[in-house]
Amino acid sequence: MPEWAAFVGLTGFLLTALLGLARLSQGAVRPDGGVSSTVDSVSMPEGDPTIPRFETRRAAAQRRQMRDTLAPSDLSTGALLANVAFTQGLFGVLLVAGAFYFEIPASAFGITADALSTGPPALAVGIGAGVGFWLGNELAAALADGFGVAFDESLRELLAPDSVGGWIVLLGGVLPVIALVEELLFRAAAIGVPVAGLNAPAWAMAIVASVAFALGHGAQGRVGIVVTGTLGLGLAGLFIATNSFLAVVVAHYLVNALELIVHEGLGVDRLWA
């Protein structure tokens, strides 16, 4: 017998943990596209004459070793992609394991035998919605530019690979993992399961899930949070209308893939100046 309330509790815990990790990582992305360490504010003065006066050679060596260890360094794109894939994958595994343990049926996650759920129509709807959502994001970015509001793109720039192999890993591995896990958590588990098992209002859950989705993307700045929240609400509407996990995964993947390919791969700044 499905344990709906227990699984909803697990979903809430995982959402809180993911938002906490996102909050901790927000300060790691610098405007120049690099990654800063939490020790950036720690300074060890080289020219302070009081340091050599009172420390032994051993202490000086230990101080230099500590300084070199704590010195902030840029995180490579490959390391960042691996970290993102591992973290997202871990949350996905925990959520799937919880679904099996609490005996939640696949239909609650938007996985049924209906063509609009798992068939070619679901794929077509996902493709159309993904392109539409991406164009909406581009329009929002252009409007933000027109009003002189900063649209933080440092994270996107940092994720962009500099080799063909890197693009294959990004498009064929990392982005699918992100789309699968985030849609499983923010749409299927946060909306589908409470609605199916607890008779929760679908649109109330959609709003809650979309707010959480927006806060989880705080590294993109305030405008990015608003745009991401709107995208989350659109994906929630798509999930409610189609009851298709496949459709929202495809749409989510296309939004991310098109943004990276067009802007970082092809070097296009804005579709609308």
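Heads up, the Cβ atoms here are built off N, Cα and C, so glycines get one too.
Database features, via TrEMBL:
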- 28-51: region 'Disordered' (REGION)
- 32-43: compositional bias 'Low complexity' (COMPBIAS)
- 80-102: transmembrane segment (TRANSMEM)
- 122-144: transmembrane segment (TRANSMEM)
- 164-186: transmembrane segment (TRANSMEM)
- 167-258: domain 'CAAX prenyl protease 2/Lysostaphin resistance protein A-like' (DOMAIN)
- 198-219: transmembrane segment (TRANSMEM)
- 231-255: transmembrane segment (TRANSMEM)
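Each residue in the domain 'CAAX prenyl protease 2/Lysostaphin resistance protein A-like' (167-258) has a pLDDT score, and their mean in this model is 94. Touching of the transmembrane segment (122-144) and the transmembrane segment (198-219) is ruled out by the presence of fewer than three CB pairs under 8 A, sequence neighbours closer than 6 excluded. Remote same-chain partners of the transmembrane segment (198-219), defined as residues 6 or more beyond its termini with a Cβ less than 8 Å from a stretch Cβ, comprise 4-5, 8, 15, 18-19, 22-23, 25-26, 28-29, 152, 155, 182, 186-187, 190-191, 225-226, 228-233, 235-237, 239-240. Residues 11, 14-15, 18, 77-78, 81, 84-85, 88-89, 91-92, 95-96, 109, 209-210, 212-213, 216, 232, 235-236, 239, 245, 248-250, 252-253, 256-257, 260-261, 265 of the same chain, all 6+ positions outside the transmembrane segment (164-186), place their C-beta atoms under 8 angstroms from a C-beta of that stretch.
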